[in-house]
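A short write-up of the structure that comes next.
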Amino acid sequence: MDVTRLLLATLLVFLCFFTAYSHLPPEEKLRDDRSLRSNSSVNLLDFPSVSIMALNKNSKEISRKEAEKKRSSKKEASMKKVARPRTPLSAPCVATRDSCKPPAPACCDPCASCQCRFFRSACSCRVLSLNC
């Protein structure tokens, strides 16, 4: 009984190690110097070095001003787009996507038709064909 438990514990440890090792990305796997030298396709000197520079107060202020200018220009552009007032629909018709229960008049759009659902409890004007 103790031998089987020891064997199962060893198998469990091996599986845990194998699972953890197989999920490491290729660049995080352990390598020795010989494998780095022999692998000519990956040369660490080919990659450019990364330099980190701290921003001074002046550059921070400039970037803030640029961000504020972008925000204000977006607000101005949105304010310039004024919604056109809709033309009032004539009384004897129903607008698209509005309720059109049977006592109501026909739909205003010639391509739309009145569709009812749920035993004619919810009816609305809908456009069926895009080519119309």
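Cβ atoms are placed via backbone N, Cα and C, with glycine included.
Here the structure is a predicted model, which means the values were calculated and not measured.
According to Swiss-Prot, the protein has these features:
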COMPBIAS  61-79  compositional bias 'Basic and acidic residues'
DISULFID  Cys93-Cys108  disulfide bond
DISULFID  Cys100-Cys114  disulfide bond
DISULFID  Cys107-Cys125  disulfide bond
DISULFID  Cys111-Cys132  disulfide bond
DISULFID  Cys116-Cys123  disulfide bond
DOMAIN    93-132  domain 'Agouti'
CARBOHYD  Asn39  N-linked glycosylation site
REGION    61-87  region 'Disordered'
SIGNAL    1-22  signal peptide
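Cys114 (disulfide bond) falls within a strand when secondary structure is assigned with DSSP. Listed in sequence order, Val94, Ala106, Cys107, Cys114, Cys123, Ser124, Cys125 are the same-chain residues at least 6 apart in sequence whose CB falls under 8 Å from the CB of Cys100 (disulfide bond). Comparing Cβ neighbour counts within 10 Å across the disulfide-bonded residues Cys108, Cys123, Cys125, the minimum falls on Cys108. Straight-line distance linking the Cα atoms of Cys116 (disulfide bond) and Cys93 (disulfide bond), rounded to a whole number, equals 17 Å. Taking the disulfide-bonded residues Cys93, Cys107, Cys111, Cys114 in turn, the residue surrounded by the fewest other Cβ atoms inside 10 Å of its Cβ turns out to be Cys111.
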